[in-house]
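Visitor: Starting off with a structure, shown below.
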Amino acid sequence: MAKRKFSGLEITLIVLFVIVFIIAIALIAVLATKTPAVEEVNPSSSTPTTTSTTTSTSGSVSCPSELNEVVNERINCIPEQSPTQAICAQRNCCWRPWNNSDIPWCFFVDNHGYNVEGMTTTSTGLEARLNRKSTPTLFGNDINNVLLTTESQTANRLRFKLTDPNNKRYEVPHQFVTEFAGPAATETLYDVQVTENPFSIKVIRKSNNRILFDSSIGPLVYSDQYLQISTRLPSEYMYGFGEHVHKRFRHDLYWKTWPIFTRDQHTDDNNNNLYGHQTFFMCIEDTTGKSFGVFLMNSNAMEIFIQPTPIVTYRVIGGILDFYIFLGDTPEQVVQQYQELIGRPAMPAYWSLGFQLSRWNYNSLDVVKEVVRRNREALIPFDTQVSDIDYMEDKKDFTYDRVAYNGLPDFVQDLHDHGQKYVIILDPAISINRRASGEAYESYDRGNAQNVWVNESDGTTPIVGEVWPGDTVYPDFTSPNCIEWWANECNIFHQEVNYDGLWIDMNEVSSFVQGSNKGCNDNTLNYPPYIPDIVDKLMYSKTLCMDSVQYWGKQYDVHSLYGYSMAIATERAVERVFPNKRSFILTRSTFAGSGRHAAHWLGDNTATWEQMEWSITGMLEFGLFGMPLVGADICGFLAETTEELCRRWMQLGAFYPFSRNHNADGFEHQDPAFFGQDSLLVKSSRHYLNIRYTLLPFLYTLFYKAHAFGETVARPVLHEFYEDTNSWVEDREFLWGPALLITPVLTQGAETVSAYIPDAVWYDYETGAKRPWRKQRVEMSLPADKIGLHLRGGYIIPIQQPAVTTTASRMNPLGLIIALNDDNTAVGDFFWDDGETKDTVQNDNYILYTFAVSNNNLNITCTHELYSEGTTLAFQTIKILGVTETVTQVTVAENNQSMSTHSNFTYDPSNQVLLIENLNFNLGRNFRVQWDQTFLESEKITCYPDADIATQEKCTQRGCIWDTNTVNPRAPECYFPKTDNPYSVSSTQYSPTGITADLQLNPTRTRITLPSEPITNLRVEVKYHKNDMVQFKIFDPQNKRYEVPVPLDIPATPTSTQENRLYDVEIKENPFGIQIRRRSTGKVIWDSCLPGFAFNDQFIQISTRLPSEYIYGFGEAEHTAFKRDLNWHTWGMFTRDQPPGYKLNSYGFHPYYMALEDEGNAHGVLLLNSNAMDVTFMPTPALTYRVIGGILDFYMFLGPTPEVATQQYHEVIGHPVMPPYWSLGFQLCRYGYRNTSEIIELYEGMVAADIPYDVQYTDIDYMERQLDFTIDENFRELPQFVDRIRGEGMRYIIILDPAISGNETRPYPAFDRGEAKDVFVKWPNTSDICWAKVWPDLPNITIDESLTEDEAVNASRAHAAFPDFFRNSTAEWWTREILDFYNNYMKFDGLWIDMNEPSSFVNGTTTNVCRNTELNYPPYFPELTKRTDGLHFRTMCMETEHILSDGSSVLHYDVHNLYGWSQAKPTYDALQKTTGKRGIVISRSTYPTAGRWAGHWLGDNYARWDNMDKSIIGMMEFSLFGISYTGADICGFFNDSEYHLCTRWTQLGAFYPFARNHNIQFTRRQDPVSWNQTFVEMTRNVLNIRYTLLPYFYTQLHEIHAHGGTVIRPLMHEFFDDRTTWDIFLQFLWGPAFMVTPVLEPYTTVVRGYVPNARWFDYHTGEDIGIRGQVQDLTLLMNAINLHVRGGHILPCQEPARTTFLSRQKYMKLIVAADDNHMAQGSLFWDDGDTIDTYERDLYLSVQFNLNKTTLTSTLLKTGYINKTEIRLGYVHVWGIGNTLINEVNLMYNEINYPLIFNQTQAQEILNIDLTAHEVTLDDPIEISWS
C-alpha cells in the first residue's frame, strides 16, 4: 500500500529545501577545492583524465606517495559531509583532492584504529583486548577498550564480534540465534589472523590461502554512536544487502552507498533505504564455485559503502560489531549455512502458492465480487482474494465497513465454497478514536488495559503518531503482553470474518508525522552525531521518535526489528486462530530470520518496465536472505499499467514464488479479466498460471527443501552454473530450483530476448523439444503471449493436472516430467503432505519420493510414507524429454514385482518426447518403468531414390547405410544415417515479422554424396504473412536461382500480429530444420529436422514429419484413394500428356497437400516450385520432396479446419473462376465426329428425347488438318449449326491446341502473324524456333488412319511451333487469332485448351535430339513415367528459352510445368474480350492459380468401373487445388463403354460440376440417345434432378468464387470431428448440404455408404432416413442414385427444362430441410448467368432464407440484379417439420397476408406449399408461417 499523499504546502517546502541544499553543496565543493567549477579537458582527447590536483599532509600524518597510492583503496575519513581540508586536518587524516568527487579526498592512513594489547585462546576461539590509538575523534564518545571475541562455531562458520568490555551495549535479541557455548570446531575451512598494530582481522580459506575478510584496509572506529570497519574482498562479484532497489543482482562497486534502516519508502531508481533491514552479502570467489558470505548481526541504522577495490565499509550508529563468516564450496551452500544460523524459512501453506488478487481501494464489496466473478469466468487459476485497508471501518484494524462491505462474511463463505481463500491486511497502528457509531473501539481499549503500546521516552506514556485511521498508538510486539493481546484480537475478529491469512503492512514502523504528534526530544538518539545516508537524513522521519521505548529496548536500537517482531507476534496469533495450521503471513518489513515466520513482497513498486526488471533482483536477494516466498506487485502498484506491460508482468509473475497482482487506489483495475475475456492478456495469463499450477508440486517440493535444508527456491543462475563466469552477472532470468529456467520479456515492444543459456541440456517446457543452445547467448523469440520456460536436462519434475484453485488441483492426478541429460540420466524428488498442517516435516507426517533414470529405466522410490491420506493420489502420466529413438515398448512394475507391458504410450519424434499415460501409480509405493528404443524401419529415408537399382556398393559409396533385413518389402535398403546434418546454422535473426537464418555447408559433416553440386551458403527466410499463413523459403543468397513467376495474393507487408498468430516457427540447429507448431495444441505440424536435407544445384531434397497419417493432395496423378498411402510410395510430378494411370504423372502440377492433425485440426502446405519433382510418403509419417531446380518456397495455411485451410490457400492462389450458369448444364462431345451431320443427328436426338442438354463440343476433328483457327471441309456447315443451337438457347465450345503448324504451303495467318510478333519458343541465344510435331498434319497428303501414332508422326505430321504464352506479345497474338476466328468463321461460347503440358509427338524436337544433356538428363531424374527417356520425352527440349513479361529469360527446364498455366489467362481474357460474356475455359494442364481462369477435366480416362471412383478422388483433389469446375469424361474416353457402366456413370456425372460425356474415335457412341429408351429415361430423370438443383449448385460456386473453398466437398470438410469421414472418398457433398452416394460397382442395387452425424432426408422422397453416424446399406433401383439433403439447410431450386435458358424461366422452389430443432438456413445467389464479374460489380441478387420452427423468412442482402421472370417462387417443400397437424399456411408478402394451398404428409413430416397462385418473386421479402 502507498503512503499518505503530501499536501501542496509540504511539496513546496520540500522543493525549496532541495534547491537550497544543492546550492550549498556546490558552494562547499567550489570553496573546498579552489578549482574551477568547469573541469578542464585536455584538447587532445575528448575523455577527461583522472589525476591528483594537490597533495597535502596534516600534522604528523604520513600520506602514501602519489606514485604508489591506489586511489580505489582510500577509506573516507569524512563520510558525513563534503570534505574540507580543515576538517581533514582536524581528524588527522590525509588530504589529497582528486578531480573525481566519488573518490575520497580525505582518507585514513594507518595512524587511526586500535592496537592489540593481549590475545588469549578460549574454548570457542580467541579473545583479544584492543586499545584505541591516540588520534582525533570522528564523532565523539570513542570507546578506548574493545574486546575481540572469535568463535569457530562450525567447520564453515566463524563468528567474531567487537564489544565494549566495560559497558554492556545493545545487542540484537534475535529469537532464533543463540549464544555459542563451544567447544570450537576443529578441521575448519578457515584460519583467523589477527594483526596487532594496528589491529586488523583476516579470515583465510585454508585450501587456497585466499583472504576472504581483511579489515587491514581501513581502521576500526568504535565509539558510542559510530562504529566503522572495512574489509577488502577477494572478488568483484558480491550480492546481497537490503532492502533497496538494486538494478542488478551483482553489486555495482563504483563508490556506492547503501543505507540500511527500515522505512516506509516506495521503490525507485535511487539508493533509498526501504522496508527491510538485511545485512548479509555473499561473494563468489572463483569458477570452482567456492563462495563465502558475511552477516552483520546489528539492527541499528547503518550504511554500507562499496568501492571498486572491492572494499566494503560498514558505518553503524549503535550496538556492536557482530560478524558471521560462512564458507561454502558453492553459492548455494553459503546461503544454506546462513539460513541455518538465522532460521530456515517456514513451510508455506500449499494454497498460498496459488495466484492472489488484491487492490488498494476496491471501494465496495460489490466491486470485489465483480472482480472475483469475472476472473472465475475467465477461468483464471486464482486461489486467494486479498483485501487492503478499504474493507475496514475508518481504516481501523479488527473492523469491517458494514456499509461498503456489507455481507463480507457471506462473501468469504462463497470464496470458501469455491475452494478459495481470503486474506486481510492488518496495520500495526491502532486508532485512539471511537468507532464510527460512537461506540468504544474495543481493540484499543483492551490494548490500553494491558499496556501493550510503544511508549515515549518516559517508558509509561504511549507514543501517539498518525497513520491511516488518524491518531494512533503502536503495539510493542516485543512485549509478551502485546503478543497475547494481538493474538486475542486476531482471534476475536476471525470469529466475525472467517479470513485465512494475514497481511501485515506499515510495520517499518510507519507514521505520517515525524516522530510523534508532539515531535521528538532534542537528544543524541533522535539527532545522533552521525546519520547514515537514509531517506530525509532524519532518524525519525516517517516513523517514531528514536528515544521511544519498547520491551526490547530503545527505538534507536530496535526500530528495524519492528516488522520482525510483528511477524513473530502474528505467527503466535495464527497459532491461536488456526490451531495446528500454517495459514499465511505476508510482511513488508523484514530482518534476518523473518522468513521463519512470514512471506514478503517487494513493496510499493511502480508500473514501469524497469521496475518489473528490477523485481527479479529483489526476489533473488530475498532468496539469499532466507525469505523464498517473495514476489513483487504484478503489473505494478503505483501508476497506470498498460496491457502490454501487465501481460508481460503476468507472465513473469506466474513464476514469482509469491504471485499476487496488486495495485493502488486511483488507478485502473488490472486483474487479468479486466482486460477482457478474450484478450491476449487473459489467454496468456491463464496459460501460464495453468503452467504454474501444473508445477506446484515441484514448487512445493522446493519450499520443502528450503524449509528443511535452506535451499533457494527462485535461484540465481550462478548458484547452479558457478563454473561459468557469464552466469555471475545474469539477473534478467532465473531458475526455479536447479531445473526450470525462466526467461521473461522485460522490454517494451520486444518479442526477442538476448538470453544467456547456461552449460546444460535444455528443453522447451511447452513443447518438450530439446534446444540446441548451450553456454551461449541467443536471441530467444518470445512473442507477445510467451515467456521463456526451459527444463534442464538431468532433472525430474513432479507435476499435477491444474485447476482453477489448489483446492481442486490437489485432488487431480500427478505426473512426472523427465528431462534427460546427455547421458540419458535424470534425478528428482517430490514432497507431499496435506498442504496446511503445521510442522508436518518435524512430525514426519508426509510422503517423500526420489526419482532416478538411467539406461531407459525409471525408479520411483518412496523414501518416507507417513501421510496415509496422500496415498489416494497417483502418478498418472510420465513425460520423458530427449528420447532420441522411437520407443517400441513400455513395461512397468510395482515393488520389485515382474515387469508387465503398458500399452498406453505415444512417442513424438519431432520433439523426441515419450508420453506414458494411465499409469495409476498410487503414492506410498515404489515403481519401476522401462522403455525400449529402436531406430524403426518406418523412420528410414531412402538415400538412393535414383532410377537405377540400389546396391550395397552404390549405397556405401554414397555414404549411406545398407540393410537388407527389412520387414516391410517397400522399406528402403539404402537409407540416411540419423546423424546426417550437412548444414550448420551460422546465425539466426528473429523479428516481429519473421526469421532469417544463414546456413553453411559443413564439410566435416558432408560425408554423403548426392547428385549434383551442393550449394555452400543458404539463407532461410520465414515470413509471418498472416495469422493463419506463414511462408518459409530456402535459397542461395549469393547467386540468383530461378523462382516461380506466378503471382500470389499475399500482403505486401506481413499483417499478422504476435498475439493472434496460430503458429510458432523455430529454426532448429542440430540438426538443421524448420519446425512449425500450432499454438493451440502445441502440435508440430512441420518438422524438417530429418536426415537427408540437400540443396544441390540440380537436386534439392527436404523431408518433413507429418502430424498424422492423414494427408491429401499432390497431383496431377491417378490416386486409388483420397488419402495418400504412406507405405514408401513415390509420386512424380511433371506435366505430361499421359492418360491417368497408377503412379503416372499426368497433365497438371500441384505440389500442395492438406494434412489432418490428430487433435482435430487441419493445415495446408504449398511448395511454390515448378521444376520436376517427386514426393515420397513414408509410414513415419513423413514425406520427402526431391526437386531438380529452383528453390524451396513453402506456404503453410493453418486452418484450423479442412475447409478453412482450403479457403486460406485459395485466398493466396486466387478464388476459383465463376462459371456461367449455362456451363452447369449437361454437355456432349466426342473425338471422332466425321462431319457436321453427325453432330446434328446427335443434337436432334437429344432434343427429341427431351434430355436436358446445354453445350455441344467438337474436338480437333472440326479443324482442317488439326490446325487451330480453321474449319475442315467436312464441317463447313458447322458455323450455321452453331448459330442454330445458340439461337435456341444452347452453347458451343471449341477446342484449341497450342501447337501451330509451320509447314503450310499457303498463308496460315496464325503462324504468319505469330512469327511476325515473335511469339514462338526458341532455342536459347538464337532466333531459331524449336520445332515439334503434334496434331497438325502436313498439307496436301492423304491421311492413313490405319497407321500407328508414331508412324503417323513420321508420315504426316507437320513441324509445329509452340507459342510462348509467357510473352506479352503472345497474349496479344492469341487474342487476335481467337477474335478473328469468332468474327470471321464461327461463334463459340467457351474454349477448351488441350495438349498444353505441352505435348509433343516427338522427343524434344523433330530430330529427337536436344542440345543440353545436363538439362534433359539431369543428375537426378524424378520418379516419372518413362523415367530413363529424359525430361524431353514427348515435350519440348528443356534448354529452350521463354521470355517472361518483364523481359527476363527462363529455361523450359524451369517453367515446363507452367505452360498450361501460362496459356489459361490469355485464353480466358481473349474469350471474354471476344464474346463480351463470361464464358468458360477448360484446360487440361494446370498449376496453382489456374483455377482463377479455367476449369479442368480429369483427362483421357478409361471406360472402366475403377475410373469412376477415381473421378471422385480427382474432383475432390482439384477442389483442394482451387479448381472447382471439374469433372471426368462421363462413361470413359478410351475403350468401348458398356450399358451398365455408362448408366451408373451418367448418374454420377450428373453431379460433376463439369458434366460432359466424351469419348474417343473408333469406339462406340456413348451419348444418352445411343443406348435404349430405358437409358434415355434414366438420363432424363437424373439430369432433371441436376437442373432442379442448379440454383443451389450455382450459389455454391459463387460462394467459393467469393470466399474460396470446395464445391465438391469431402465429407470430412463438414464433419471433421468425425474421424470416420477422414477415410471416405466414395461419397461426396455438393457444398455443405447435398450428399451424393453413387454406385461404383457393377450389377448391384445396394451401395454401402456412411451417414454422417446429422439429420438426413432422402432427396427422392423427402423423408428423414433416421440414420446418423453409421455405415448403412443403401438400396436403390438401377435407374436411380442415392441423394440426401442435410437437415438445417435450405436449397434454392428451379423447375427443370431442356436447357438452362428455358429452366431459368421456370418457377423457383425451396427445399427446406429442418434440423432437430426445426431450424434451417440457406441462400441464393442469382445474376444473369453470363455477364462478366457480376459479383465484383454488385450486379446480382442475394437472398438469405431462414426457418425458425414454423416460420420461413427471406432477407434481401443484395438487389443488384432483378429479373422477375427468373425468380418467381412457386413451391416450398418443408421436410422434417414434425407430425403435428397443420391447419393453415399463410404468406406475408408486400405487407399483405395470403392463405396458401398446401399439402401435408404427417407420417413423413412433409409439408408442400404451392405459391403459384400468387406472383411471388424473391426480390421482395417473404414470410411463410404455418400453424
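Going from the start of the chain as shown, residues are counted 1 onward.
For all residues, glycine too, the Cβ spot is worked out from N, Cα and C.
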Visitor: Asp388, Arg588, His662 bind substrate according to Swiss-Prot; which of Asp252, Asp264, Asp822 goes with them?
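Guide: Answer, per Swiss-Prot (substrate site with Asp388, Arg588, His662), from Asp252, Asp264, Asp822: Asp264.
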Visitor: In Swiss-Prot, Cys646 sits in a disulfide bond; tell me which of Cys545, Cys635 is on the other end.
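Guide: Out of the candidates Cys545, Cys635, the one Swiss-Prot links to Cys646 is Cys635.
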Visitor: If I take the alpha carbons of Asn1535 (N-linked glycosylation site) and Asn99 (N-linked glycosylation site), what is the distance between them in whole Å?
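Guide: A Cα-Cα distance of 104 Å.
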Visitor: Please classify the secondary structure at Asp505 (active site, nucleophile) using three-state DSSP.
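Guide: It is coil.
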Visitor: For the topological domain 'Lumenal' (33-1827), would you mind checking the mean pLDDT of the predicted model?
Guide: 95
Visitor: Of all the glycosylation sites given, Asn1340, Asn1572, Asn1748, which residue's CB has the most CB neighbours within 10 A?
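Guide: Result of the Cβ crowding comparison: Asn1748.
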Visitor: Name the residues of the same chain, 6+ apart in sequence, whose Cβ is under 8 Å from the Cβ of Asn1368 (N-linked glycosylation site)?
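Guide: Spatial neighbours, sequence-distant, of Asn1368 (N-linked glycosylation site): Ser1445.
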Visitor: How big is the gap, in Å, between the Cα of Asn1403 (N-linked glycosylation site) and that of Asn1572 (N-linked glycosylation site), rounded to a whole number?
Guide: 45
Visitor: At 10 angstroms around each C-beta, which of the glycosylation sites Asn455, Asn1403 has the fewest other C-beta atoms nearby?
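Guide: Selected from the glycosylation sites Asn455, Asn1403 on minimum Cβ neighbours within 10 Å: Asn455.
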Visitor: Going by DSSP, give the three-state secondary structure for Asn1368 (N-linked glycosylation site).
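Guide: Helix, per DSSP.
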Visitor: Non-local Cβ contacts of Asn1763 (N-linked glycosylation site) (under 8 Å, 6 or more apart, same chain)?
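Guide: In sequence order, the residues whose Cβ lies under 8 Å from that of Asn1763 (N-linked glycosylation site) (at least 6 apart) are Asp1728.
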Visitor: Going by DSSP, give the three-state secondary structure for Asn455 (N-linked glycosylation site).
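Guide: It is in a strand.
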Visitor: 10 Å Cβ neighbour count around Asn99 (N-linked glycosylation site)?
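Guide: I count 15 other Cβ atoms within 10 Å of it.
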Visitor: Round to the nearest Å and give the CA-to-CA distance linking Asp1394 (active site, nucleophile) with Asn455 (N-linked glycosylation site).
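Guide: With distance taken Cα to Cα, Asn455 (N-linked glycosylation site) is 106 Å from Asp1394 (active site, nucleophile).
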Visitor: Which one of the glycosylation sites (Asn896, Asn904, Asn1535, Asn1799) has its C-beta surrounded by the most other C-beta atoms within 10 angstroms?
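Guide: Output for this query is Asn1535.
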Visitor: Where among the active-site residues Asp505, Asp1394 do you find the Cβ with the fewest other Cβ atoms within 10 Å?
Guide: Asp1394
